[in-house]
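Now, the feature entries from TrEMBL:
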- 21-49: transmembrane segment (TRANSMEM)
- 85-105: transmembrane segment (TRANSMEM)
- 126-146: transmembrane segment (TRANSMEM)
- 158-181: transmembrane segment (TRANSMEM)
- 218-236: transmembrane segment (TRANSMEM)
- 278-413: domain 'Oxidoreductase molybdopterin-binding' (DOMAIN)
Amino acid sequence: MNTDTVRNSRRARFRSPLRGPWFTSVLGAVLLVGLPIVIVTGLLSYMAYGPQFGQAIPGDVGWLRLPQFDWPTDPAWLYRLTQGLHVGLGLILVPIVLAKLWSVIPKLFTTPPVRSIAQALERLSLIALVGGILFEIVTGVLNIQYDYIFGFSFYTAHYWGAWVFIAGFVSHAVLKVPLMIRTLRGRSLMQALQDGQEQGDSDLIAENPSEQTISRRGALALVGGGAAFIALLTVGQTTGGFLRNAAVLLPRGRSYGDGPNDFQINRTASAAQITDDVTGADWTLELTGGASPVSFTRDALLRMEQHTADLPIACVEGWSTVQTWTGVRLRDLAAVAGVPEPTSAQVTSLEQNGPFRQAILQSNQVLHSDSLLALQVNGADLSPDHGYPARIIVPAMPGVHNTKWVATIEFRTS
């Protein structure tokens, strides 16, 4: 069977009159704008975790090591923005990704699959592109939903999967963007929306199309409507307000009871095995790093100068919430400990297990005027689930590093 016969057989098998270079190019143009934002914000999240302190996951990434710098503490909503964009926009683009894959199915199943070295390289880039993006979508959605059914570390797999996808995306863009631009310039938008089946010799155009059941305009509206619907069910977890109630598909969009402590919880006291025995009247905070350790009871901390700030907690899963926190500035505690200009600080929780039972803070995170050892939230004592007797809250820092149930803080000078 010669090449033309195989090609015609494939075109006869996929009969939708909607498929064609223009339809695929429109979807590709949207993804060309949206996916780089998802990529960059995802990599920024990795850098925000402080790989210079060995607390980003995965830790040893070899030559894929990203630039290391002190993550900014201003504006306070920085991580809320970057991670909200990463998760929210990633979910919104899912219908567009699926529509794009549907539109190029005839190209994915070519026979023979490889006819030249150049085509072999293109096929490899497609494997990385399609496999990578589907892997990132599936693992990302499962992580948001708490469903860790895959049996491996989400953080590690999502990071390596991202680089596979990035490699496929960049190579595919280099190969296909010029063709996309030529295709979009070849017809006006109104003409393309009003025309029937696309004409030409493209492998995407059906040789014997089936009867049209939806217009090209309707198909694009369906895809756009799906993206808008997901946006409605997603953005509330980041923006808060009345849209929070619309985030019905997101576990962290639920209410956690009445009162000042009614906001999202990522890890409960019960899950961390924190009991009243360790958070009761005998609890003390130990500060080290100076000439000798210094200890404070909770009452002693409450007698120190208190500072109040409206700050967000933003988590890697994309949710965030702004609350009013009151407590002692970390820089005041550093001064009391005898280390007024620390280069970093290690905060350790009463929690005995778990990857985030401790966190290392950068110098700017310790010394910021709104960085607190919080004792109260919204005018009331912290609840056990929110970190009673004391927790860290720092502007623009990933949520898991705002350590709860603080036991010790070691201020460092090197």
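Count begins at 1; order follows the chain as displayed.
Every residue gets a Cβ built from N, Cα and C, even glycine.
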Residues from the same chain, set at least six apart from the ends of the transmembrane segment (158-181), whose C-beta lies under 8 A from its own: 21, 25, 28-29, 32, 35, 39, 42-43, 46, 57-58, 61, 64, 121-122, 125-133, 135-136, 139-140, 143
Secondary structure composition of the domain 'Oxidoreductase molybdopterin-binding' (278-413) [DSSP: H/G/I, E/B, coil]: 27 helix, 57 strand, 52 coil
Residue numbers, six or more beyond the limits of the transmembrane segment (21-49), whose CB comes under 8 Å of its CB atoms: 55-57, 66-69, 71, 79, 82-83, 85-86, 89-90, 92-93, 96-97, 99-100, 103-104, 159, 162, 165-166, 169, 173, 176-177, 179-180, 183-184, 186-187, 192, 198, 200, 202, 204-205, 216, 219-220, 223, 316, 396-398, 401
Cβ contacts under 8 Å made by the transmembrane segment (126-146) with residues that lie 6+ beyond its boundaries: 87, 90-91, 94, 97, 101, 108, 154, 157-158, 161-162, 164-169, 171-172, 250-251, 317-318
Outside the transmembrane segment (218-236), six or more residues from its ends: residues with CB under 8 Å to it: 18, 23, 26-27, 84, 87-88, 91-96, 99, 193, 242-250, 253, 318
